[in-house]
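*Asks:* I have a structure here, written as structure tokens, and I will follow up with some questions on it.
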Amino acid sequence: IVVERDPIRTSFEKWAKPGHFSRTLAKGPNTTTWIWNLHADAHDFGSHTNDLEEISRKVFSAHFGQLAIIFIWLSGMYFHGARFSNYEAWLSDPTHIKPSAQVVWPIVGQEILNGDVGGGSRGIQITSGLFQLWRASGITSELQLYCTAIGALIFAALMLFAGWFHYHKAAPKLAWFQDVESMLNHHLAGLLGIGSLSWAGHQVHVSLPINQLLDAGVDPKEIPLPHEFILNRDLLAQLYPSFAEGLTPLFTLNWSEYSEFLTFRGGLNPVTGGLWLTDTAHHHLAIAILFLIAGHMYRTNWGIGHSLKEILEAHKGPFTGEGHKGLYEILTTSWHAQLALNLAMLGSLTIVVAHHMYSMPPYPYLAIDYGTQLSLFTHHMWIGGFLIVGAAAHAAIFMVRDYDPTTQYNNLLDRVLRHRDAIVSHLNWACIFLGFHSFGLYIHNDTMSALGRPQDMFSDTAIQLQPIFAQWVQNTHALAPGSTAPDATASTSVTWGGGDLVAVGGKVALLPIPLGTADFLVHHIHAFTIHVTVLILLKGVLFARSSRLIPDKANLGFRFPCDGPGRGGTCQVSAWDHVFLGLFWMYNAISVVIFHFSWKMQSDVWGSISDQGMVTHITGGNFAQSSITINGWLRDFLWAQASQVIQSYGSSLSAYGLLFLGAHFVWAFSLMFLFSGRGYWQELIESIVWAHNKLEVAPVIQPRALSIVQGRAVGVAHY
């Protein structure tokens, strides 16, 4: 086995020496810059040592620490559900009672924040979606949440132990970290395969029967406990008769026997407004089988299966030179390159999740909890954006620290770098085109609107710009199941169209979402902001090592303020600065997406439904006519939605008014860092230090202004 025993003695001595990982920092502080450098470099293992094995072990060990923190955090969430929540009340009436897991104590009048959440309880309404997740998992009591919270703490302790053990007692050798095929097999078959299989098993044996009874209106306290379903097959057979046959249908290939609890329905459950849980159980079982197969595809101890190095080196087309040759070496020796790819893919996937959470709501009653829908969409969009910017950051660090041009001749990476001017200038042209045209459509509409010429505007009632391709995609997906899945009762998502609206408890869960001129316009703003973000980030990566302006950029490192004295106009060109600028455009892009989603859903989807079947949308369907002008966005969205919060003082909503104000203060504070020069502050500090010297109270550690890069980092964080 490839481990080294007792490589590093366990001791707390280093904890008492801040900066022990760096010769300069270990000397202690001379100026206040020291504390900033300490924070910047503490986790930059690559700057502590060049030994790849040691770096890998530190990262591996840190991952266990990260998992421990996640377990503690989740434990806290579940504990709040067990101790401070109205979960059991919500479970008995999810359409009228709002989820709450936090009660504010009566200190200085804060208890005004506790609103009436229904069911006789007062508290703060939560929008995390955890109640809906717990119901889907089959949790029926606060005691079960309590047990889960304790279990998570035990797992956290286990993770902390593993982190210590695999660094101090049995540390893997470098060869273990570089054994790609074995890692793929274990991650695919173990994490994704057995992980999905165990979840499918839990769903079939615990979640489905409990949810079936809950949907039928059985009191949660009457429902058998999870272990009873697991241990007593007759209980399950009462709900799903085929359970009485055990595994016989599986081995006799008579799988259709199981179609009671492994379904292929499509659409939403009309009782809960969520996906059919029998569909999701089926899905997880299918996914598990795919990944279990995938986990046996790579060549390890037996001479069969794929070798990744061989696949990559064979991968070349007629116009791509050496193709993927050399990439295997990059990905097994540069963890930054590996991380960049993983962040890009995971970030994109997270954004895909954001869009599926509302169009295919996976948990019961999630779709009618509009605040939660909005929160989950916002959360997943932001996380996805951060991960994608992180991908560019680590790709640039790879270029600066790990890229070796001598081993990369005429392969795809080299060829991309050689024609980077063409890539960047074409991308720049695309950004200019998208920016002028998308914004120009709005400006045209504002002008026509101001001049009183509505017949000359781009709108659904005047000059139409219908998103015909999007409508075609919607239509195809609405009709497809008819021929591809004849037994399915509905298409994958209600949003495609063709079906009816789904209403739960007098509220719209989901309906076919109409797309028109307004969506066409804002879609092109999305295209514009995303392309600009990509332009900035990609330029940062492609020019991380050198440029016409600074040919020796690689020697200056990942982050530097300027190319030294006597070279004016070379500031803010480091790879770090590109990440910094890219972040702003990422914020920009995602703000527009969240605005679009928020208004579109309130205008065209969310609302109440009368006994006669009349739908009243929250903002009365005003998106199509109002969002086609900039003025409409400002007046009918930003102001209309913010005014309630701004006027919330003295009500149970006042926390949001204070947060709204506070967030804008923090944002304004960021501008102080972003719009000021370092010299200004250094000058000011020197005057203040002079005064301290006069009074003989000057500190030993000299105060210094933040460096340019530090100031911008503080600024972008507050922004």
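Indices start at 1 and increase along the chain as displayed.
Placement of Cβ uses the backbone N, Cα and C atoms for every residue, glycine included.
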*Asks:* So which range, 363-369, 510-516, 713-719, gets flagged transmembrane segment in Swiss-Prot?
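*Replies:* It is 713-719 that Swiss-Prot describes as transmembrane segment.
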*Asks:* If you count every Cβ pair below 8 Å, which range out of 422-444, 653-675, 713-719 shares the most with the transmembrane segment (520-538)?
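*Replies:* The stretch with the most close Cβ contacts to the transmembrane segment (520-538) is 422-444.
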*Asks:* Of all the binding-site residues here, Cys562, Cys571, which one's CB has the most other CB atoms within 10 A?
*Replies:* Cys562
*Asks:* Find the one among the binding-site residues Cys562, Cys571, His664, Trp681 whose C-alpha lies closest to that of Met672 (chlorophyll a binding site).
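*Replies:* Spatially nearest to Met672 (chlorophyll a binding site) by Cα position is Trp681.
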*Asks:* DSSP on Cys571 ([4Fe-4S] cluster binding site), three-state: which is it?
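*Replies:* It is coil.
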*Asks:* Which ones in the same chain are close to Trp681 (phylloquinone binding site), with CB under 8 Å and 6+ residues apart in sequence?
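*Replies:* Spatial neighbours, sequence-distant, of Trp681 (phylloquinone binding site): Ala705, Leu706.
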*Asks:* Six or more residues out from either end of the transmembrane segment (374-400), which same-chain residues have a Cβ under 8 Å from its Cβ atoms?
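*Replies:* 46, 127-129, 330, 334, 336-337, 339-344, 346-351, 353-355, 357-358, 533, 537-538, 540-541, 544-545, 554, 557-558, 575-576, 578-579, 582-583, 586-587, 589-590, 593-594, 597-598, 601.
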